[in-house]
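What follows is one structure encoded as structure tokens, with my remarks underneath.
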Amino acid sequence: MSHSDETSRPCIIVHGGAGEIQIPRRTPCLSAVKEAARIGYLTLLEGKSALDAVEAATQSMEDSGVLNAGQGCYLTEEGTVELDAMIMEGQTLNTGAVACVKNIANPISLARKVMTNTSHCMLAGEGALKFAKKIDFPVLEDPSLLISDCSQQLYEDKKSKHENLGESASSNSKETNVQDDPKKNTDMQLEVHDTVGAVAMDTNGHIAVGVSTGGTSNKMCGRVGDSPLVGSGAYANQQAGAACTGHGESLLKVLLCRDVVYNVENGMTPHDACRKVINRMAELTGGHGGVICLDKFGNIGLEFNTRKMVWASVTHEGFLKYGIDPGKEIMNYDTPVKEMERFVLANKLM
């Protein structure tokens, strides 16, 4: 991807999940990640931090209603919502995460509160909810507000399929078998993992990452995947940041994002690091997924071994780029983000 000599130029890359994204969902999903990239980039142009940018971008995707995060996220085997999220600042390694949290529309923001308002790195379940109430963080009285028609239908379809096969949702054969042999598990690749993620660098050259998810559809209650775990779902330091999506059990076994950043630290480009680690994960676990990466020079990289992954970025060139198919990217020449940059600067001068 692109390279910039100006390490202080803000840039951001986001993803909205990987898998077999059906045609009717492709346009809404692409729109969601493009909007998130714009919002994150504008946040950076306003002089705010990389942490602010990844939180804003991730919030946007949580609120979109079309991705597996926040509103519209996947449901548990009991038809309930349990959310995971994590945010990390590369300069300090400060981290905040929540796991299995209920009644929270924007878990990425609660994760940041864990980072800034406690001495801990992660809170889970009832403890996370008690913390939210203690600091007057917005808590939904009606958890069904997070359930969309699409997520409800997916839950019912999958539950019915398992019942017809004589199995319970809690003994999902796709998840237990996916680690054995990737050739036997094409169904896992077809499932959509709409975990959302963002990696940004601000004008100070500081890098931050954020991820948010509802987890695997029809998961067991209490299940935690890779997303809120440092080094697995995301990781950032002063050299680079990475965020991933996919079969959580496979991703966390190889500490996928820490591995990507480690390879960048040792001289690899973000693109090559992403490709190496995704291939290694597939070889070791048979899992499917994708990852995005941004280094301290503003270079971006991404890789996925699923059929699709929705992503968008704004680098130093000032144009919005996005994609969904392997090896293909689209640059939006009609609405360059540089126009937004001029707009922001003009407002500052007024």
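Even glycines carry a Cβ here, placed using N, Cα and C.
In TrEMBL, annotation is done automatically, which means it is predicted and not curated.
The region 'Disordered' feature in TrEMBL is assigned to 158-184.
Annotated compositional bias 'Polar residues' per TrEMBL: 167-176, in sequence order.
The annotation active site, nucleophile is assigned in TrEMBL to Thr195. In the three-state DSSP scheme, Thr195 (active site, nucleophile) is classed as coil. Other Cβ atoms within 10 Å of the Cβ of Thr195 (active site, nucleophile), summed over all protein chains shown, number 36.
Long-range neighbours of Val224 (substrate binding site) (same chain, six or more residues apart, CB within less than 8 Å of its CB): Asp84, Ala99, Cys100, Ala124, Gly215. Annotation comment: TrEMBL describes Arg223, Val224, Gly225, Asp226, Thr245, Gly246, His247, Gly248 as substrate binding site.
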When a 10 Å sphere is centred on the Cβ of Gly248 (substrate binding site), how many other Cβ atoms does it contain?
28
DSSP-derived class (H/G/I helix, E/B strand, else coil) of Gly248 (substrate binding site):
helix
List nothing but the one residue from Arg223, His247 whose Cβ has the fewest other Cβ atoms within 10 Å; the candidates are the binding-site residues.
Arg223
Of Gly225, Gly246, the binding-site residues given in the record, which has the fewest other CB atoms within 10 A of its CB?
Gly225
A 10 Å Cα radius around Thr195 (active site, nucleophile) captures, of the binding-site residues Arg223, Thr245, Gly246, exactly Thr245, Gly246
Far apart in sequence but close in space: which same-chain residues, 6 or more away, have a Cβ under 8 Å from Asp226 (substrate binding site)?
Ser232, Gly233, Cys244, Gly248, Glu249, Leu251, Leu252, Leu256
